[in-house]
Amino acid sequence: MPRTQQSCRERALFSMANVMHLIVLLLYCNGMNTETTPSPESDPVITTKKAESKGQSQVIIEELAILTPQYIELLCNLTDIPNNPLYITGYWTKDGQEIENSEETVNRNNEQYILKRTFSIQARDLGNYSCVFRENEVQVTFVLDVPVMKEKRDKPVVSYIGDSVVLECKLKYTPNTWNWYKANNTEKVLINVTANPLNYKILINGNKTKLTVLNLTEEDSGKYICSAEFDIKPSESYVELKVMSYTEPLKPFMAIVVEVIVLVTLILLWEKCNKPQHNSSAGGNDIYSEQTSKLTHDDSNGVDNNTTRHRKLEH
């Protein structure tokens, strides 16, 4: 009896295992044949930028700051043109090159002619986009670029060995972060404040950043690049630094002093070379004067002697 019960239990367990195996197999096959339905993509957010032109033969430029990749709709609205034709022809260009299949007929609508087009803008797509109305010689150019740092120094920042100097960059827009680089020939090297705390300090305050270079040496001279990091592309500018020794400003004056010393030396040498000739001629003149004086003295002595003799004879 116990053996029979054990055998029944084993059969039951075996049957349950087979059933579970079959269920798993069915679920696997069902998963293989099931197709996943992709979720519908949301419509892209489109930013519209509009420019209006009046009359003929106009060129209008609109600068647009692009911070992130996006879809942007550019719209040109032409009004106040002579005769108000029923339609005119318009097309688009990028960086001066006509965009393929962009030409279209623009119908008059309430005394206006509207030409618009949507562009997908990534980093490689930045540039100058222009709508052109062919018959009226009207052009509107949209300059799509990251914000530009317009305040640039024409001359380098000058400091001296051992001092510290502060370099600054700022923008109208606030970037995600700021980075500083030092130009090394054709490459740029990221300035790591953590690795060089004795040489650099970086301060970031929204749309401004400052780099402090400490304990200056001549090797610190060069070009420093500040980079405002945006989602679409960095915006970069640079500051030139020139490190000099304290004697550097004196070099022009030292050059003048050296020139004066050389000139005086040449004058003295010239005088020294010409001095012996003057002495020899002067010496000759002295000898000649001395001989003449001696002869005169001798003659006078002779005259005196003759006079004395005559006097003696008279007596």
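Backbone N, Cα and C atoms are what each Cβ position is placed from, and that goes for glycine too.
Noted in TrEMBL for the protein shown:
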{"type": "TRANSMEM", "residues": "12-28", "note": "transmembrane segment"}
{"type": "DOMAIN", "residues": "40-141", "note": "domain 'Ig-like'"}
{"type": "DOMAIN", "residues": "147-245", "note": "domain 'Ig-like'"}
{"type": "TRANSMEM", "residues": "252-270", "note": "transmembrane segment"}
{"type": "REGION", "residues": "277-315", "note": "region 'Disordered'"}
{"type": "COMPBIAS", "residues": "277-294", "note": "compositional bias 'Polar residues'"}
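Secondary structure by DSSP for the domain 'Ig-like' (147-245): 3 helix, 52 strand, 44 coil. Residue counts for the domain 'Ig-like' (40-141) by DSSP state, with H, G and I taken as helix and E and B as strand, are 3 helix, 62 strand, 37 coil.
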